[in-house]
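**Student:** Sharing a structure below in structure tokens format, with a few things to ask.
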Amino acid sequence: MAYQGFAQEYLGMPAVTRAYTTACVLTTAAVQLEFITPFQLYFNPDLIFRKFQVWRLITNFLFFGPLGFSFFFNMIFLYRYCRMLEEGSFRGRTADFVFMFLFGGFLMTLFGLFASLFFLGQAFTIMLVYVWSRRNPYIRMNFFGLLNFQAPFLPWVLMGFSLLLGNSIIIDLLGIAVGHIYYFLEDVFPNQPGGKKLLLTPGFLKMVFDTPEEDPNYNPLPEDHPENQRRDQDQNQQQHPQ
């Protein structure tokens, strides 16, 4: 029963959230089982551009460290806020959600070229949290029963918690910065006087991820109407009885 419940919950996850969280868990499991090592995954511009190890552009977003508190903490927040975004403001807009992934990953990679950052998954999680929090500004949050605040403060609370654990806050600041850039270009600037939408999802992403909507102005030919098709079928049966 527990297995069936887990399988049902897993299959009920939206596609992008399921794919990303699964990739993160499988990557960590592969490292834990020593099939691969973190040295094969981390972001290294020299190895990417000179040795053509292009997979590092992706794998550095998939590894959150060895199994432990930090890993499970990140996975919970990644799963929760990625899913709420996909089922909330991106509902029915999978292509736009994938484009946000690509845009955020691209900006973080550019920053990684000039900073000694090896894994960017945590920054990516903070970006998702930031975008969700700005789009849900009136939701009240409770952090471990200690703090009560409104959603827009959540990324900063997480950064403070990371600081208390002795971690560098550069990754958190990067996630907040990229999240704010996306939020400003997508939600703020288009609504300003003279503003316009700058982040346009490429057509090929819409072809791959979004099911085409029916044109409400489409008027089928007379022979394509269901009642006419049914009448023609009855006439054929009368002319050619079996």
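Every residue gets a Cβ built from N, Cα and C, even glycine.
Quantities reported herein were computed from a predicted structural model and do not represent experimental measurements.
Marked as transmembrane segment by TrEMBL: 20-42, 54-79, 99-132, 153-183. What TrEMBL lists as region 'Disordered' is 212-242. As annotated by TrEMBL, compositional bias 'Basic and acidic residues' applies to 222-234.
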**Student:** For the transmembrane segment (99-132), I need the partner stretch with the highest count of C-beta pairs below 8 angstroms, choosing only from 20-42, 54-79, 153-183.
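**Tutor:** Looking at each of 20-42, 54-79, 153-183 in turn, the most contacts to the transmembrane segment (99-132) are made by 153-183.
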**Student:** In the same chain, who gets a Cβ under 8 Å from the transmembrane segment (153-183) while lying at least 6 residues past its ends?
**Tutor:** 70, 77, 100, 103-104, 107-108, 111, 115, 117, 120, 122-131, 133-135, 141, 143, 147, 199
